[in-house]
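Database features (Swiss-Prot):
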type: TOPO_DOM; residues: 1-14; note: topological domain 'Mitochondrial intermembrane'
type: TRANSMEM; residues: 15-45; note: transmembrane segment
type: TOPO_DOM; residues: 46-59; note: topological domain 'Mitochondrial matrix'
type: TRANSMEM; residues: 60-87; note: transmembrane segment
type: TOPO_DOM; residues: 88-227; note: topological domain 'Mitochondrial intermembrane'
type: BINDING; residues: HIS161, CYS196, CYS200, MET207; note: Cu cation A1 binding site
Amino acid sequence: MAYPAQMGFQDATSPIMEELLYFHDHTLMIVFMISSLVLYTISLMLTTSLTHTNTMNAQEVETVWTILPAIICILIALPSLRILYMMDEINNPSLTIKTMGHQWYWTYEYTDYENMTFDSYMTSTNDLTPGELRLLEVDNRMVLPTELPIRVLVSSEDVLHSWTVPSLGLKTDAIPGRLNQTTLMASRPGLYYGQCSEICGANHSFMPIVLELIPLKYFEKWLLTML
């Protein structure tokens, strides 16, 4: 959940988001070290007299500034590729959900069950109850079990949308005529909010996403009430 004036990421609720946070910290440390080196070099140039103005060849320096950037690129690329493969890996999902984007609402279909489809519209400000969040609440939440691998199929019936839930590390484009997929596995129950992250028209800002993650036994009871 995001907080007012928050400067960092939301708390991770899935293994993928935890990996993304580690990768962010790893990359940020490399950027900090490079920035420090550049600032140190600039300060030396400004505070010392010019030397080696007649140097025509510096083999050692050329070797360093060729090898060092290559090492830095490798240190960034390897963990990045690892996370990319993790995000695309879907092994024996326990549940499959099909998400369809519309202007301007979402439709969720639980493909493992018959006639298990519903629309999810934003709750208007006048209908909010105390404690609910403006522009983030919906009339029908997507209810999912925790600690189980879940596959989400994402597409659109009109224009480009993007199904995004930051705390789970999810962002999948909804493209008309194309079926994209992503996977999630929540580590703890709770309400998790997201929004459409692709400009899709006049009411783009009014396409919230709400996931209600609950233990499996409560999810089974919820299914019985919906079927």
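Yeah, the Cβs are placed from backbone N, Cα and C, and that goes for glycine too.
It is CYS200, among the binding-site residues HIS161, CYS200, whose Cβ has the fewest other Cβ atoms within 10 Å in the structure shown. MET207 (Cu cation A1 binding site) has a Cβ environment of 27 other Cβ atoms inside 10 Å. For the topological domain 'Mitochondrial intermembrane' (88-227), DSSP puts the residue distribution at 21 helix, 61 strand, 58 coil. Within 8 Å of the centroid of the Cβ atoms of HIS161, CYS196, CYS200, MET207, where the record puts Cu cation A1, the same chain has further Cβ atoms from GLY101, GLN103, TRP104, LEU160, SER162, ALA174, GLN195, SER197, GLU198, GLY201, HIS204. Same-chain neighbours of the topological domain 'Mitochondrial intermembrane' (1-14): 20-21, 24, 166-169, 184-188, 190-193, 213, counting only residues six or more beyond its ends whose CB sits under 8 Å from a CB of the stretch. Taking the Cβ of CYS196 (Cu cation A1 binding site) as reference, residues of its chain lying under 8 Å away and at least six apart in sequence are, in sequence order, GLY101, TRP104, HIS161, SER162, TRP163, THR164, HIS204, MET207, ILE209. Mean pLDDT for the topological domain 'Mitochondrial matrix' (46-59) in the predicted structure: 71.
Taking H, G and I as helix, E and B as strand and the rest as coil, DSSP gives the topological domain 'Mitochondrial intermembrane' (1-14) the counts 0 helix, 0 strand, 14 coil.
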